[in-house]
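As structure tokens, the structure follows; a few thoughts come after it.
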Amino acid sequence: MAQALSEEEFHRMQLNSVRQKTSNLEKDYVKAQKALSKSKKAQEVDALINENKMLQGKLHSQEDDFRLQNSTLMQELSKIEQLESENHTLREGQGQEKPTSSLASAPGASELLRLQAENSSLQKKLIAFQEQVDVNYGKGALGDGSAGTNGVQSDGSGYSDEHSAPGNDQTDQAGLQSGTSEPRDQEMNEVALKGRVELEEKCLLREQLQLLEVSKQTEITKLTEENSKLSEKLKKKQESFQRLQVEKEALYNDSRTKIDEIQQRKEEELKSINLRVQKLQADLMTANLNVAELKEQLQSKQKEHEMAIHALKDQVACQSAVSQEQVENMLSENEALRTNLAALEQIQTVKTQEQNLLREQNLALNTELQQRRTEQESFLAQRDDLSSQLQESNRANGRLLEQVAELGLEKDKLQQDLEEARKTADKRKVMLDELAIETAQEKSRHKEELGNVRLQHEKEARTKELEGLQPYVEELKAQVQSMEGTKGWFERRLKEAEEAMEKTKLDHSEEIEQIRKDHTFQLEGKASDVEAAKQQVILMEKEREDLNVTISKLKQEIKDTVDGQRILEKKGSSALKDLKRQLHLERKRADKLQERLQEILTNTKTRTGLEELVLSEISSPSRTQQTGDSSSISSFSYREIMKDGASAPSTNKSNTSSPQSQRPADLSDDEVSELFQRLAEVQQEKWMLEEKVKHLEVSCASMADDICKKSAIIETYVMDSRRDVSGGGGVAHGAQADRGGLSSVLRDLDLEVLSQEIVRLSKDTTTPAEPSKNTG
């Protein structure tokens, strides 16, 4: 660790010196770029223009949103008006449509009402007869009466034949006693039945009318509330749209005025910026020269650093190769020892400490290797960063040089234009002199006046030119002085950098010598550690040979147990095949039942057809074998639902026994078919759950048998081993401990195998259930 820290400190010192130099150069370069960059005002102008564009885009998007909202509101209003008109028509024609709807509901609805009324009246009659029978027979005949009723129910449902005989005897005795009073009671009962049927039909019709009126009233109130809410929303949105339009116009006017002002400012600032650019170009030339010199110095120093880094990398590579070979050898030996010692951890409790020491040494070596690799990667990354930074700075300097060259060409062009203008002026002067000599005789007066005027004009022009050139000359002098100051500053910085480089070289040489000494000392210590490790490895090889002998003995014992497990797996696979066959048969039966249900539903038959289907399904031998007594889970079927439905009308007149009797008069045949489909789906789900429960019971039973058989095999194996130990008196107690440990290991393995089989069986049971649900 001390060696790694010293190397890190050395590289950090080296990198810090390079980073300081690069940071100073970057600061100088940033200053030159800032001088060429635009002013803050120009950036503010661009920001304001971008903001105006964003605001205009937002306003356009808001206009589109408002248009869409208005269109949707108009559509909703038109729908509401249509609904209101339909409600008015329904209110006006409510009295006329009631009798027509009752006639249009077909003979099926009337037959339903009649059957419901008859059903309820017959149930009341049954209750009255039961009360009379209880009064006649008294308290002593309660047990016989209950047996008779059970017999009647068992004959109707078809569950058992044992209770049918005594029930029939008792009904015959009751028929003989009531034979005399039958003709009188029949006529009275028929008349009472007809009256009750008509009364109950009227009650049902009244209830249906009340429900229809309540539903229509609730619908009308909901529609009126929705209409009021939508009108309020429309008003609010129109008001907000008008406000947004006013705000949009105000923002548009403000943005126009601001843009005009900004453009004027921009033109003025561009003029001032052009003047500044011309001044800064001269500064750039001198700065570029200084930068080029500094780059050459930097490149030379970087080459020296790279040479030193390559030398250090070579040393590290050699050391890492040697250490990696040693570590790989140690790791291979350790892995071989771990594989041999994994099966016998209970026996080798004493020797685990030696392995832990070896592991700690390996971990220390691995950590040192990882540290050296991370250091190499960090150095490579830093070198790549420095090279990329140098390339970027070279590119920027090249761009600046191109700009300076373009400006020099423009300056040359301007100078040529000035020379041409001067030549033309000289030619004009000569021509004027010649004309003055020729016209001197005729116009002596005009000659003197023209000479005076020309002299004055030339003096004024020259004075103006001198006045315009004086500020430019002063600026050039100031620039020369500033460049001389920067030159002295750069020379000082160069001297400081050279002194710092010499100091860093001396420090690096001293640190490298210290690192080499430390490294040699650590290598000597590691060599002694390696020799000690080799001696330990020799001892471990001897122990490994002893362990191989014991492993060969244990392998023979494990083969016997594996043969027993294979036998058990074969039994489990045969049981699984039987379960799959049963599943296939049950699926076929469920598909047939679904087809029968769909045929009944498409024909839109009444409950009698469904009851026939259920009775046929009950009479099938596969269903009778699967259904148990009333206490089991799978005994619950559609017959119990029918019994509950038959007992329900006695308590509630409105809620009748079957799902078909609960629907109102205005339900269509499609809705009835949907109800039957739902009932079929529920029944199918119930059957699937029953099958799952049965499969789980069978699998649990088979697993319990397997566990018992395996425990018996293990006990017999342990008893045989104990007998062998008692017969051979020379065997030590260590072997008995080994066999006890082996038996515990085998038990753990058996438990793991059993858990895997349970998971696999559960998956097999769930996977066939999913496609059946999808088909349902």
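We number each residue from 1, going along the chain as drawn.
From the backbone N, Cα and C atoms, a Cβ is placed for every residue, glycine too.
Worth saying up front: this structure is predicted, and the values here are computed from it rather than measured.
The region 'Disordered' annotation in TrEMBL covers 81-109 (among others).
A Cβ distance under 8 Å defines the sequence-distant neighbours of the compositional bias 'Basic and acidic residues' (81-95), meaning residues of its chain 6+ beyond its ends; these are 216, 219-220, 223, 227. Feature annotation from TrEMBL assigns compositional bias 'Basic and acidic residues' to 81-95.
Residues or ranges marked as region 'Disordered' in TrEMBL: 138-188 (among others).
Feature annotation from TrEMBL assigns compositional bias 'Polar residues' to 167-181 (among others).
Here TrEMBL flags 220-347 (among others) as coiled coil.
Averaged across the coiled coil (383-431), the predicted model reaches a pLDDT of 76. Under the heading coiled coil, TrEMBL lists 383-431 (among others).
Summarising the annotation, TrEMBL assigns coiled coil to 494-603 (among others).
Feature annotation from TrEMBL assigns region 'Disordered' to 616-671 (among others).
The compositional bias 'Polar residues' feature in TrEMBL is assigned to 617-629 (among others).
Here TrEMBL flags 648-663 (among others) as compositional bias 'Polar residues'.
Per TrEMBL, coiled coil is recorded for 672-699 (among others).
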Helix, strand, coil residue numbers for the compositional bias 'Basic and acidic residues' (81-95) per DSSP?
14 helix, 0 strand, 1 coil
